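Shown next, in structure tokens, is the structure this report addresses.
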Amino acid sequence: MPSLPLLLLLWAASSYSFPVFHNGDRQNVETVWKYLENYYNLGKNMQAKNVNGKEMMAEKLRQMQQLFGLKVTGNSDPETLRAMKKPRCGVPDVAPYAITHNNPRWTKTHLTYSILNYTPYLPKAVVEDAIARAFRVWSDVTPLTFQRVFEEEGDIVLSFHRGDHGDNNPFDGPNYKLAHTFQPGPGLGGDVHYDLDETWTNSSENFNLFYVTAHELGHSLGLTHSSDIGALMFPSYTWYTEDFVLNQDDINRIQDLYGPSPNPIQPTGATTPHPCNGDLTFDAITTFRGEVFFFKGRFYIRVNRFMPEPELNLIGILWPNLPVKLDAAYEASMIDQVRYFKGSKVWAVQEQSVLRGFPRDIHSFFGFPSNVTHIDAAVCEEETGKTYFFVDHMYWRYDENTQSMDPGYPRLTAEDFPGIDDKVDDVFQKGENFYFFHQSVQHRFNLQIRRVDDSRDSSTWFNC
């Protein structure tokens, strides 16, 4: 009979190998199995109830969790299931698009393309412009050039299809598998197929045709999916923003295949923030129902006491109608709102919805003078309902109860907040303290004794 330590070891190994389905929802088995079949090359002839099938499923789950930046457990936990249900590209995350050093590529640098048909949701001219801009995303950072042809079939053919369309990769109707592409080569090689049933747009609503096309063209040129959540080539659809900039991860990978742009000034891309980067600064910080949200570019970093690690995600995932590169934010907990600032505009948000009538102008909404063009930082003191707006080295105070500015402001920040001598970049309240941020340093200002009692690196919020 095996010893107790051996039995425990066997139990641990089996619990690690076999996926667990939470809440007794056996429907999840089919969801996970089908997802791993489609995107992770899980054998179609395997059965989930078979021991080998369970082991293989757990291994494929770990691959998926690794790529998506999830906790790697081999189990179908709720976070993994949520990721699986998001709209995404139909190209597999593994073979034939395996991440290897032998990715297929075009052997020529001048490629042609043709548009076979159109979506009914957009005018033809808008479709053509979106596709042309998507090609420019890649020609701007490589030696590649692209030309549309009309009388012949291009190297890359773009077309819209519904359901089973004869390429062994059927579409599934609205809101899930958006498009798929074939790797470089003759025939279907490089071709882009869109799901005709999707609502294609040229805005942040539904699915942006330019953004999806730019992603699919990455595959047309030989790129695989990226594990960088900020990359264009991340597998799931990430909401489009008007100031789109190609991520540096995408630039590095496409230049590995085709070389750099011939332009004398090499383009640089956006980068995804890493919470434990000691030099990391933030655009805005706010609390919300006990959590803290740190905003940077298109991203937020979310911290609460129930999460062992900070959550990095895209602003558009939670708030698709908010701008990116915010200036400031604060929570008005007495009315269950968070207010976000960019330039001279303010957005009032409850839950995930921007309230009707917003954005509003800060001059008419709060009463700022016309020479205030933006807000650097803001915080609402919980006990008093007074909101402090910091601009350069001055601050204004606003009464949330009377909805008016207090008289006698602006005042110098350093006079009323001793120790806060630099411009305030961000601020929020936690307990009896205001946390002031300047560049990558935070100062804890004790509201009871009215002075700074601690200063440290900003990344300490992320358990670094």
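Cβ coordinates come from backbone N, Cα and C, glycine included.
In terms of DSSP secondary structure, the motif 'Cysteine switch' (87-94) contains 0 helix, 1 strand, 7 coil. What Swiss-Prot records for 87-94 is motif 'Cysteine switch'.
The Zn(2+) 2 binding site annotation in Swiss-Prot covers Cys89, His215, His219, His225.
Positions annotated as Ca(2+) 2 binding site by Swiss-Prot: Asp155, Gly187, Gly189, Asp191. Taking a C-beta cut-off of under 8 angstroms and a sequence separation of 6 or more, Asp155 (Ca(2+) 2 binding site) has the following same-chain neighbours: Trp106, Leu111, Thr112, Tyr113, Gly190.
Within 10 Å of the Cβ of His193 (Zn(2+) 1 binding site) there are 22 other Cβ atoms, across all protein chains. DSSP gives His193 (Zn(2+) 1 binding site) a strand state. Feature annotation from Swiss-Prot assigns Zn(2+) 1 binding site to His165, Asp167, His180, His193; the stated evidence is similarity to another entry.
Among the features that Swiss-Prot reports, Ca(2+) 3 binding site is placed at Asp172, Gly173, Asp195, Glu198. A C-beta separation below 8 Å, combined with a sequence spacing of at least six in one chain, links Asp195 (Ca(2+) 3 binding site) to Phe160, His161, Arg162, Phe171, Asp172, Gly173, Pro174, Lys177, Leu178, Ala179.
The Cβ of Asn202 (N-linked glycosylation site) lies under 8 Å from the Cβ of Leu122, Val126, Ala130, Asn208, Leu209, Phe210, each on the same chain and at least six residues away in sequence. Feature annotation from Swiss-Prot assigns N-linked glycosylation site to Asn202 (among others).
Look at Swiss-Prot and you will find Glu216 tagged as active site, backed by sequence analysis. All protein chains included, Glu216 (active site) registers 27 other Cβ atoms within 10 Å of its own Cβ.
Residues annotated as repeat 'Hemopexin 1' in Swiss-Prot: 273-322.
What Swiss-Prot records for Cys276-Cys464 is disulfide bond. Cβ-based neighbour count (10 Å, all protein chains) for Cys276 (disulfide bond) stands at 11.
Summarising the annotation, Swiss-Prot assigns Ca(2+) 4 binding site to Asp283, Asp376, Asp425 and lists similarity to another entry as the type of evidence. With a cut-off of 8 Å between CB atoms and residues at least 6 apart in sequence, the same chain places Asp327, Ala328, Phe390, Val391, Asp392, Lys423, Val424, Asp425 near Asp376 (Ca(2+) 4 binding site), listed in sequence order.
Here Swiss-Prot flags 323-369 as repeat 'Hemopexin 2'.
DSSP assigns Asn371 (N-linked glycosylation site) to coil, not to a helix or a strand. Residues or ranges marked as N-linked glycosylation site in Swiss-Prot: Asn371 (among others).
Per-residue confidence over the repeat 'Hemopexin 3' (372-420) averages 96 (mean pLDDT, predicted model). The feature repeat 'Hemopexin 3' is assigned by Swiss-Prot to 372-420.
Annotation source Swiss-Prot lists repeat 'Hemopexin 4' at 421-464.
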Hey, of Asp191, Glu198, Asp283, Asn371, which of those recorded positions are within 10 Å of His180 (Zn(2+) 1 binding site), Cα to Cα?
Asp191
In sequence order, what residues of the same chain, 6+ apart, have a Cβ less than 8 Å from the Cβ of Asp191 (Ca(2+) 2 binding site)?
Ile156, Val157, Leu158, Ser159, Thr181, Phe182, Ser220
What does DSSP assign His180 (Zn(2+) 1 binding site), in three states?
strand
Do you know offhand how many angstrom separate Asp167 (Zn(2+) 1 binding site) and His215 (Zn(2+) 2 binding site) by C-alpha?
20
Near-site residues: Ca(2+) 3, ref Asp172, Gly173, Asp195, Glu198, CB cutoff 8 A to centroid:
Arg162, Phe171, Pro174, Asn175, Tyr176, Lys177, Leu178, Leu196, Asp197
Any idea what the Cα distance is from Glu198 (Ca(2+) 3 binding site) over to Cys276 (disulfide bond), rounded to a whole Å?
39
Please tell me which one of the recorded positions listed here (Gly187, Glu216, Asp283) sits closest to Cys89 (Zn(2+) 2 binding site), measuring Cα to Cα?
Glu216
Of Asp172, Asp283, Asp425, which of the binding-site residues has the most Cβ neighbours inside 10 Å?
Asp425
